[in-house]
Amino acid sequence: MEQPQTENPAPSKATSAETVESENHEALSGPEKHPQDKDGADADGAAGEQEPGDQTLPPAQDGENLECPPPEASSSPPGPACGTSPKVETAEVCSRPQELPQSPRIQQPELDFYCVKWIPWKGERTPIITQSTNGPCPLLAIMNILFLQWKVKLPPQKEVITSDELLTHLGNCLLSIKPQEKSEGLQLNFQQNVDDAMTVLPKLATGLDVNVRFTGVSDFEYTPECSIFDLLGIPLYHGWLVDPQSPEAVSAVGKLSYNQLVEKIITCKHSSDSNLVTEGLVAEQFLETTAAQLTYHGLCELTAAATEDELSVFFRNNHFSTMTKHKSHLYLLVTDQGFLQEEQVVWESLHNVDGDSCFCDSDFHLSHSLGKSHGAEGGGGSPEKQLQVDQDYLIALSLQQQQQPQGTLGLSDLELAQQLQQEEYQQQQAVQPVRTRAPSPQGRGATSGRPAGERRQRSKTESDCVLL
């Protein structure tokens, strides 16, 4: 009767060893090896009696990389039977994949921080926010207007700022707005607009969906995002207009928005009506020829629509810029972080659709102190390239004078052009004397609409004296 008592513990030990080993084998080779023979179990049990430490450690080492992937099975009863060593291994292994996502978390603050550039603006030291890449330009464009209007102020030593801080300042501005109308209905409508604006406020950090209409510089399809501009009293402009001198394009585009026009082009292409097919081709040609999303007609209408010294947001090519009008000319705020240390580069002129522009300081004086790294846009300090930039600028002013009605507006354009030209040559006289000075026939020369290539050739032959 003593043998059954000694033999009974052996099967119990074999069964526990079988359970542990079957679980480890199940993790390695699947459920096919789950059933075991009794003889094999006895052999395993004997092995478990001889080397109990080796029975538990090797399976934990073999399953080290497989211990974390099946955490869903941890609720099953055999899970806790693995002992303490698998728990230690699981803690070590599970901590490894948690360390991997930390690298993008370290990079996120770099994208979330924006450098603050301090400029003299109307006699007061004022901050503007710059961006290094395609950041949240709608948020920066709006906030820069609020900074230039002194509605939001920063500590004098502020050098960097986060998008969360900007959103907080903007939210406070929206909540501080009071309705001008006292009627109950208008107040409820105003409160609804504020609620809508606060809802879409986080979208400013990623981008806004706006849909332009080609009928006017301030025509956009209404979206909840537009309520932010309305509440803050910030005009939103674009310059993508159809030339009224092209009746075919006017008929093809009509009063449609951009999205509606794209749908129309697709529909007309598959139409059996030849007139619709032709109209679709005309509309498609309009989009292709105006891919810069700014036309000369739109530029003229934009100049006429903006008021003097008005701060607004200009939308073009999915980018939002801070814009102002000074002495009848349009300027865009330079927010490129590459110009962070360039104190004389604050504004960029907007006088043509080709992207040629010249930089100005905070007082809208032509800038000549650009760094070498910015030679692609500003001339890089080369006198010949700077003369070419100034010449293009003066030609654009005369073109604008030709398209606008004769009057005080045209005269102010000429006066500003002559002033800029005089400042340019006065600064160059300190380096080299100007041999010849001739009266500038601005009323005739610049209105001929010369191509860009001819203007470049002309600037090379007349590097000392530029005639328009």
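Here the Cβ of each residue, glycine as well, is placed from N, Cα and C on the backbone.
Within the same chain, residues at least 6 positions away in sequence whose Cβ sits under 8 Å from that of CYS137 (active site, nucleophile) are GLN131, GLY207, HIS319, PHE320, SER321, THR335. According to DSSP, CYS137 (active site, nucleophile) sits within a helical segment. Marked as active site, nucleophile by Swiss-Prot on the basis of similarity to another entry: CYS137.
Every protein chain considered, the tally of other Cβ atoms within 10 Å of the Cβ of HIS319 (active site, proton acceptor) stands at 14. Taken from Swiss-Prot, the feature active site, proton acceptor covers HIS319, and the record attributes it to similarity to another entry.
Residues or ranges marked as compositional bias 'Polar residues' in Swiss-Prot: 1-19.
What Swiss-Prot records for 22-41 (among others) is compositional bias 'Basic and acidic residues'.
The compositional bias 'Low complexity' annotation in Swiss-Prot covers 43-54 (among others).
Per Swiss-Prot, compositional bias 'Pro residues' is recorded for 68-80.
Under the heading compositional bias 'Low complexity', Swiss-Prot lists 423-432 (among others).
If you look up Swiss-Prot, you'll see 452-468 (among others) marked as compositional bias 'Basic and acidic residues'.
Here Swiss-Prot flags SER103 (among others) as phosphoserine.
Summarising the annotation, Swiss-Prot assigns phosphoserine to SER440 (among others) and lists a large-scale study or a structure entry as the type of evidence.
The region 'Disordered' annotation in Swiss-Prot covers 1-105 (among others).
Annotation source Swiss-Prot lists region 'Ubiquitin-binding domain (UBD)' at 388-427, citing similarity to another entry. In this model, the region 'Ubiquitin-binding domain (UBD)' (388-427) carries an average pLDDT of 57.
What Swiss-Prot lists as region 'Disordered' is 423-468 (among others).
Marked as site 'Ubiquitin-binding' by Swiss-Prot: ASP413 (among others).
The site 'Ubiquitin-binding' annotation in Swiss-Prot covers LEU416, ALA417 (among others) and is backed by similarity to another entry.
Under the heading site 'Ubiquitin-binding', Swiss-Prot lists LEU420 (among others), citing similarity to another entry as support.
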